Structure formats: structure tokens, C-alpha cells
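Swiss-Prot has this to say about the protein:
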| type | residues | note |
| --- | --- | --- |
| BINDING | Gly11, Arg72, Cys73, Gly102, Asp103, Gly104, Ser105 | ATP binding site |
| BINDING | Arg21, Ala22, Val23, Val24, Arg25, Arg154, Gly185, Ala186, Glu187, Arg211, Lys213, Leu214, His215 | ADP binding site |
| BINDING | Asp103 | Mg(2+) binding site |
| BINDING | Thr125, Ile126, Asp127, Arg162, Met169, Gly170, Arg171, Glu222, Arg243, His249, Ile250, Gln251, Arg252 | substrate binding site |
| ACT_SITE | Asp127 | active site, proton acceptor |
Amino acid sequence: MKTIGVLTSGGDSPGMNAAIRAVVRSGIYNGCKIMGIKQGYSGLINAKIEEMNLSSVADIIHRGGTILRTARCEEFRTEEGRKKALNVLKVLKIDGVVVIGGDGSFQGAKKLSELGIPTVAVPGTIDNDLGYSDYTIGFDTAMNTVLDAISKIRDTSTSHGRANIIEVMGRHCGDIALYTGLAGGAESIIIPEVGLDIDEICRKLLQGKNRGKLHSLIVLAEGVGGAIDLGKIIEEKTGIETRSTVFGHIQRGGSPTAFDRILASKMGARAVDLLIEEKGNRAVGIKGNQIFDMDIEEALNIENKFDQETFELAKILSI
């Protein structure tokens with residue numbers, strides 16, 4: 001393995017830069033040339049590629065986003081688009097590729113592997129929705145960003161005696177809502193894995209109000225429904241003044257936590273090791289405190305994990 005390409009794809013997540021840095025420095029340490037592919041699979045198809053050196057990744061470990069930028073690419077989903085990408089890799093003599101991203105990026109990595117290009121996928125998504133790995137790069141930072149905002153909303157919610165609904169990211173996986181809801185002391189946590197029970201939410205809010213609670217917090221994953229509409233329904237049913245806040249893309253930004261920097265560094269270095277060992281079609285993950293790798297397709301076939309125990313604990317502690 002002489003030349004390794006690295007790209008970031010799909011939604012960005014804090015810690016991607018730390019992973020890029022690990023790929024570049026680990027690769028150079030092992031005598032490889034590292035090529036940075038800009039704007040994901042789109043940049044691969046259009047040959048937006050340049051060689052990276054040690055200076056290319058100086059002072060980026062603490063930065064959010066991705067210096068390689070990212071994009072979604074419908075063209076790569078087509079056979080013609082993938083043939084263009086393969087031709088670019090052959091012309092530039094890129095022997096293997098590290099792909100950093102979420103589910104869609106992993107699908108692309110699998111396609112590259114099927115074309116005969118050794119490819120290693122590294123999980124970078126704030127949603128934590130790749131079931132084969134305990135954590136994905138960016139999830140911890142997103143949790144802490146949301147938790148900080150919850151603390152601020154709690155202050156004003158208490159002052160006004162309101163209920164506040166906080167909508168966070170998570171279309172199919174409610175991990176951000178679940179763990180920030182527990183850590184933030186939310187009265188209700190609404191996630192796709194469980195669904196929405198408006199009557200139960202209203203009952204809990206009224207129960208709290210009747211015993212003198214000054215405020216209530218509800219954390220809602222975006223995959224369940226809209227916070228604004230839910231707020232109107234709750235206010236009508238309970239008479240409790242309710243405000244809704246949609247956090248949106250603020251969750252994707254910011255300096256990564258120590259956990260995400262370390263996780264990204266370990267995963268990026270493992271990806272390079274695998275390619276040097278001529279092992280492609282692999283997904284890097286973490287179980288317990290151990291970095292591991294497995295077949296990409298097998299990784300994609302593992303369903304999102306749902307932490308029922310934590311959800312039940314959150315219910316108990318929210319009484």
C-alpha cells in the first residue's frame with residue numbers, strides 16, 4: 001500500500017478533523033503518500049484531490065467540521081459515477097481509501113470495495129446510528145453541546161414557570177435525545193424507538209405542576225415529529241405555557257470533546273493499519289474500550305442498538 005486517499009462524506013461531525021489528522025500522520029509515519037479527496041464522493045468523481053503532508057493537518061485536532069469538506073453525491077449512486085471514481089483512483093495511483101462518515105458513506109465504501117479498491121470505513125456521525133459500534137465520532141460532542149443548551153433553557157424555563165420542548169437530531173436513532181434527556185433531568189424523553197404518548201406526557205407535566213414544580217423539560221428526537229406542533233398540543237391539553245426550541249445544525253459544530261478526539265485518532269490510525277496490511281472492505285468501530293474492525297456489509301446489517309435500560313432509568317428518575 002503506497003498511496004492512500006481519505007475523504008469525508010455526508011453530514012459532518014465534530015472529530016472528523018482529528019480522524020483526518022490521524023490518517024495523514026499515521027500514513028506518513030508508515031511511508032505512505034496520503035491524498036486528500038475534497039467534498040466526499042463528488043470530489044472523487046471530479047478529481048478534487050491533492051497530496052497532504054504533516055503541515056496539512058497542523059492545528060486541526062481541536063477544530064469542528066472537516067477541512068476536506070463534505071457533500072452528498074447522487075452521481076456516485078450510479079454505475080457510471082462509480083466508474084468515473086474508479087478511473088480517477090487508477091490515474092492517480094491511489095491504492096486504498098479511508099471513508100469517514102455515516103450510513104450512506106459506508107454504503108459508498110462498500111461499493112468502492114466491490115470495484116476492487118481496498119476501502120476502510122470510519123464512523124463519523126453525531127446520530128450514533130451505526131449499530132455495530134458503541135460510539136461514532138461526533139456523538140459525544142453533540143451530546144455535550146445539547147446538554148449545555150439544556151442547562152441554559154432550564155434557567156429561563158424556571159424563571160417563567162414554563163414547559164420547554166427541545167428538539168434534537170436523530171431521525172431513526174434517539175441516542176442524542178435519550179442520553180441528554182437523562183443527563184439534563186428531562187421530565188419526558190421522546191425517541192423513535194418508543195414513539196409518542198401525548199396523554200402520558202401531559203399527565204406527567206400536570207403531576208409535576210400540582211406538586212409545585214417550577215418548570216418541565218421535554219427532549220424530543222426529530223424522527224418522532226415537530227416540536228412546535230407538539231408544544232401547541234401540550235399547551236391546549238394542560239394549560240401550561242409551553243415553548244419549543246429546535247437545535248438544528250448547532251449540534252454538528254464546535255470543538256470536539258477529548259473523547260471524540262481520542263476516538264477519532266484511534267480509529268483513523270487503525271484504518272491506515274488495515275490498508276497497509278492489504279485489508280479492505282472493513283469498518284472500524286469500538287466495543288467496550290477496544291477498537292476493532294469487521295466486514296462493512298456485516299456492519300451495515302447490524303440494527304441500531306436501543307438502550308432500554310437507560311430509557312427505563314430516565315423514566316424512574318423523572319418522576
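Sequential numbering from 1, following the chain as shown.
Here the Cβ of each residue, glycine as well, is placed from N, Cα and C on the backbone.
Looking at the residues that bind ADP per the record, Arg21, Ala22, Val23, Val24, Arg25, Arg154, Gly185, Ala186, Glu187, Arg211, Lys213, Leu214, His215, the two CA atoms farthest apart are separated by 58 Å. Binding-site extent for substrate: residues Thr125, Ile126, Asp127, Arg162, Met169, Gly170, Arg171, Glu222, Arg243, His249, Ile250, Gln251, Arg252, maximum pairwise Cα distance 33 Å (rounded to the nearest whole number). Ranked by Cβ neighbours within 10 A across all protein chains shown, the binding-site residues Arg25, Arg171, Lys213, Arg243 are led by Arg25. Here is what falls inside 10 Å of the CA of Thr125 (substrate binding site) among the binding-site residues Gly11, Arg21, Val23, Arg72, Lys213, His215: Gly11.
The Cβ neighbour count for Ser105 (ATP binding site), using a 10 Å radius over every protein chain in view, is 25.
Using a 10 Å radius centred on the Cβ of Arg252 (substrate binding site) and all shown protein chains, the other Cβ atoms total 20. When Cβ atoms from all protein chains are considered, those within 10 Å of Gly102 (ATP binding site) total 23, not counting its own. Excluding Gly11, Arg72, Cys73, Gly102, Asp103, Gly104, Ser105, which define the ATP site, the same chain contributes Ser9, Gly10, Gly40, Gly101, Gln107, Gly108 within 8 Å (Cβ to the Cβ centroid), listed in sequence order. Taking the C-alpha positions, the distance from Lys213 (ADP binding site) to Arg252 (substrate binding site) comes to 33 Å.
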